[in-house]
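Engineer: Mind looking over this structure? Questions follow.
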Amino acid sequence: MEEKVVDGKVDWKGRRALKHKHGGMKVSLLILGAFAVENMATLSLAVNFVSYFTGIMHYELADAANIVTDYMGVSYMLSIVVAVVADTWIGRYKSVVISGFIESLGLALLTVQAHMGSLTPPICNVYVKDAHCAKLSGKQEAFFFISLYLLAFGSAGLKASLPSHGADQFDERDPKEAMQMSSFFNGLLLAVCIGGAVSLTFNVYIQDRYGWDWGFGISTFAIVLGTILFAFGLPLYRIHVAHTKNGIIEIIQVYVAAIHNRNLSLPEDPIELYEIEQDKEAAMEIEHQPHRDIFRFLDKAAIQRKSDVQPENQETPNPWKLCRVTQVENAKIILSMLPIFCCSIIMTLCLAQLQTFSVQQGSTMDTRITKHFNIPPASLPIIPVGFLIIIVPFYDRICVPFLRKFTGIPTGITHLQRIGVGLILSCISMAIAAIIEVKRKGVARDNNMLDALPVKQPLPLSIFWLAFQYFIFGIADMFTYVGLLEFFYSEAPKGLKSTSTCFLWCSMALGYFLSSILVKIVNSATKNITSSGGWLAGNNINRNHLNLFYLFLSILSLINFFVYLFVSKRYKYRPQHPAVTGGNSEE
């Protein structure tokens, strides 16, 4: 029986990967496990960092929220850098191991700072009126930000390389493995939820009950464990061979060459454009993309001048002046994905508010579940996470096969349809958040508790009122973020697979950065028209206007959804195997 090899993949010794021996769904469980452990270590930090920055480091609420969103933004943006390095030089496996080490180092340093009183400001209650609490400064602040951004860099590397390394374990040209790859991406969200459930309960409990040094210490141990777990799978992985050619540089070359040839006329027949003969391509094992009649201005990069024609034995032409049709088509793919990418930014802008201001809302409310047990505000996202642990397998095992019978698409519905469902749900979530905030402030006003201290003087309103906005946004996550990961990976050129999955992280980074900017703009614009000095100013959330901010985000999300409908209807899928698109190359 002839052993089936996997094109473009090798084993850990550099030999061609075999289908029956390397990769597949069982091996991907190690990758899903590592992703779950990483999320266990970091999710509680994302939702509880505001409390740490205000209560321990004595930053004002708006500043603390901006530090969190800046940290998240930098982390997601750095994933692009790590992905390029992984695709071009070190490979995805090494990228994961190195990133795991850096992330554990950042967490270890944060553990040391939280444990040593000399590295933190003196204890002080920032919520007491006229309390002049000392803030971080000098070496303390430098130590803090170095540790924080080592954590950001390590987390970026894992987010950049784990999903694409997991997808490498499947052959998207094989119909069976194409369906398994879709299940893997759904499994990624399930892994995030399982790790998140532990993080939002156990980790948050440790942080609030035993202190942040214990909380950071447990996260450090989790990352070390996850990295070791991932490393054990080395003999079983299908490993992507890093290309010395940089996919992003090749895209830039297309634009440079198109500008260089801007005065040349396009040939009537695209076959006259420059391309390596397909028999030579097969010998050289390089990618081939057929010409598409879109973004024709980029085709000028493939127009041959007489001076560009080379003898057979001579080197290929200067790629900054003449590009292959395949190279041009890859640039077209990236350009056509750009509007979809932009439409996903607003959703992360909304997510940032649930990770910052909603936690502060919860700290003012009644957190009792029973007479003797209170739920920490930072644990509130456990509600949508718990729901997703149930709904993701239901969607993958029941809904997708059911939809597949009608559509013929392995994923049930197209990636773009899935993204659209999530975008409209995020709009609904923000509208619900605005309504709940109006109710919360009404309770504070009616009970003369506008100046009540968070946690110590809770409002007579259950924290579970916030569950509605988290619940709807959790479902939106399942549709949009998983849909985006699948969409970017399946559409991207071979040389940009790692980088393509980072388009999601990059859009999230821009969303977090935009959140920081928007908070400052809103405060400046409303400074003179509100008694609180701005919609989101100060530490007293009962006297600011968070409800209006949520309403504004809901309207912004609705506009974004209609823009998305417009651009998605005009998107043309790249030509690929029917196993991925259900036989349709265009939509």
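Each Cβ is built from the backbone N, Cα and C atoms, and glycine gets one as well.
Reproduced below are the annotations present in TrEMBL:
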- 29-53: transmembrane segment (TRANSMEM)
- 73-90: transmembrane segment (TRANSMEM)
- 97-116: transmembrane segment (TRANSMEM)
- 142-162: transmembrane segment (TRANSMEM)
- 183-202: transmembrane segment (TRANSMEM)
- 214-237: transmembrane segment (TRANSMEM)
- 333-355: transmembrane segment (TRANSMEM)
- 375-395: transmembrane segment (TRANSMEM)
- 416-436: transmembrane segment (TRANSMEM)
- 463-489: transmembrane segment (TRANSMEM)
- 501-522: transmembrane segment (TRANSMEM)
- 548-567: transmembrane segment (TRANSMEM)
Engineer: Do the transmembrane segment (333-355) and the transmembrane segment (142-162) come together with 3 or more C-beta pairs under 8 Å, pairs six or more apart in sequence?
Structural biologist: no
Engineer: With the transmembrane segment (142-162) as the reference, find which of 73-90, 214-237, 548-567 contributes the most Cβ pairs under 8 Å.
Structural biologist: 73-90
Engineer: Please identify the stretch among 29-53, 183-202, 416-436 with the greatest number of Cβ pairs below 8 Å relative to the transmembrane segment (214-237).
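Structural biologist: So the stretch in question is 29-53.
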Engineer: Between the transmembrane segment (416-436) and the stretches 97-116, 501-522, 548-567, work out which stretch tops the count of Cβ pairs under 8 Å.
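Structural biologist: It is 548-567, which has the most Cβ pairs under 8 Å.
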Engineer: For the transmembrane segment (97-116), find every same-chain residue at least 6 residues outside the stretch whose CB is under 8 Å from a CB in it, and list them.
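Structural biologist: Hits for the transmembrane segment (97-116): 38, 41, 56, 82, 90, 140, 143-144, 146-158, 160-161, 211-213, 215-217, 219-220, 223-224, 226-227, 230-231.
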Engineer: Return yes if the transmembrane segment (73-90) and the transmembrane segment (501-522) have at least 3 CB pairs under 8 Å (sequence gap of 6 or more), otherwise no.
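Structural biologist: Yes; at least 3 Cβ pairs under 8 Å.
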